[in-house]
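This report concerns only the one structure given below.
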């Protein structure tokens, strides 16, 4: 890869000439400078500001990103390192890092002038080192580069700039909780994109939370990747892997969460444009979200289909078998098998597959037939044999109509987004999802960038610039928003006399932390998913655990 496109300054070619641009002076130490004057110089372009600089810079950046993608293998270590050190926060505790004010200014400058001029006015002009500039973009300089020359930080800086410019620019006029409430009250076409976080209060695990998420609980299966549980190829080879955990994610159709009720309230007030749900529990329907307002991006347990004949049934009919740890079988296929068996007996057969002529190996042992994908060995002693009970292997396996990895999303997903919602939406609310699974993760970037965006979840995300982050338990956040908006959110899980404390996250003027202080959240509830204020609450949990242990509880 051409290292100049990665922002590197190394030289070298077969004829000894320089193949990349490099700064005129190598900077080994931090550069001391008058910050106020520096920012004045940086942003005062006068007549020298080039027309179309952002566009040309973006074109250059696009080529750089392409180069980086093409060199994935050689750059994988660098990318892994980048992901480890990307904290997406201001390092207020570090005197050598950019201040929050500096960071905001550098990010704005990058978007105003593009990466080329940005570098010319910063690191090439020796106004700041690449090492320090990394902190403006939420990147902590890695320890293994400590003491290295500043040019050695250029590759990481290139990735940081690429990541920043690939994000939607935050709308600076929306920052406060009151701003969020105001947007709720005035908006008439709200897209709500939801994930597993809105169901965790019901005891349904999310997928990626460390320790409590579903993927963390699947290590005992010995899979290369926990996501293989939802891989269609793996399911076709051995559906027992999916059904061994399916009981843990079955929806309780008698309950839905306050967050589901909040979305239904938006619908009731005529404000809901579409709820794009990544959840498969079908609780949106239970909460009253109308089918014309709901896109179940990954399908749901609402229906199930036979992988062999396509016969579809209501999903609830499979629940008893799934809860019992059994593999649901297609009744239509079974009926056809019985008909075939009866016909076979009428012609002199006994209906038993063992009546077929056996093929023998040279040593006289029975030769087993080679299985094709989707077929299973009836002689196996795996749990797929239902504890040794006779199984009719000619029957197809029933699969919930969930979109597995490797399957296409419903056509209605892209059609609704592109042909209906994109030109109508006036507010986007993302709740309880990390937005890491494509193509749903691309919904937010696809929407017009001038549309306000609010994020509600326990922890922030770093790859999307939302206008307002509301961090905490989803149910607590939406209940407080409704209270401030003067809306009544009716739900038995919203406690009477609920008091919610909000604090501003250090260094982030638009990131707010919600903590329920009355009634006090019990330890078990906090562990299951209370707010991410974090340290104080975690300390209380550990303290209470210690007391219980000492008391022998």
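Just so you know, glycine gets a Cβ as well, placed from its N, Cα and C.
Here's what TrEMBL has on this protein:
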ACT_SITE  298  active site, proton acceptor
BINDING   306, 309, 330, 395  Zn(2+) binding site
COMPBIAS  9-20  compositional bias 'Low complexity'
COMPBIAS  361-375  compositional bias 'Basic and acidic residues'
COMPBIAS  535-553  compositional bias 'Basic and acidic residues'
REGION    1-33  region 'Disordered'
REGION    334-383  region 'Disordered'
REGION    525-553  region 'Disordered'
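Features per TrEMBL, on structure.
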residue : record                       : DSSP (3 states)
298     : active site, proton acceptor : coil
306     : Zn(2+) binding site          : strand
330     : Zn(2+) binding site          : coil
395     : Zn(2+) binding site          : coil
Binding-site residues listed as 306, 309, 330, 395, least Cβ neighbours within 10 Å: 309
Cα distance (Å, whole number) from residue 298 (active site, proton acceptor) to residue 330 (Zn(2+) binding site): 22
Cβ-centroid neighbours of Zn(2+) site 306, 309, 330, 395, 8 Å, sequence order: 307, 308, 311, 329, 331, 332, 333, 334, 396, 397, 398
Distance [Cα-Cα, Å, rounded] between residue 306 (Zn(2+) binding site) and the residue listed as 'active site, proton acceptor': 18
Distant-in-sequence Cβ neighbours of the residue listed as 'active site, proton acceptor', under 8 Å, six or more positions away: 278, 279, 280, 402, 403, 409, 440
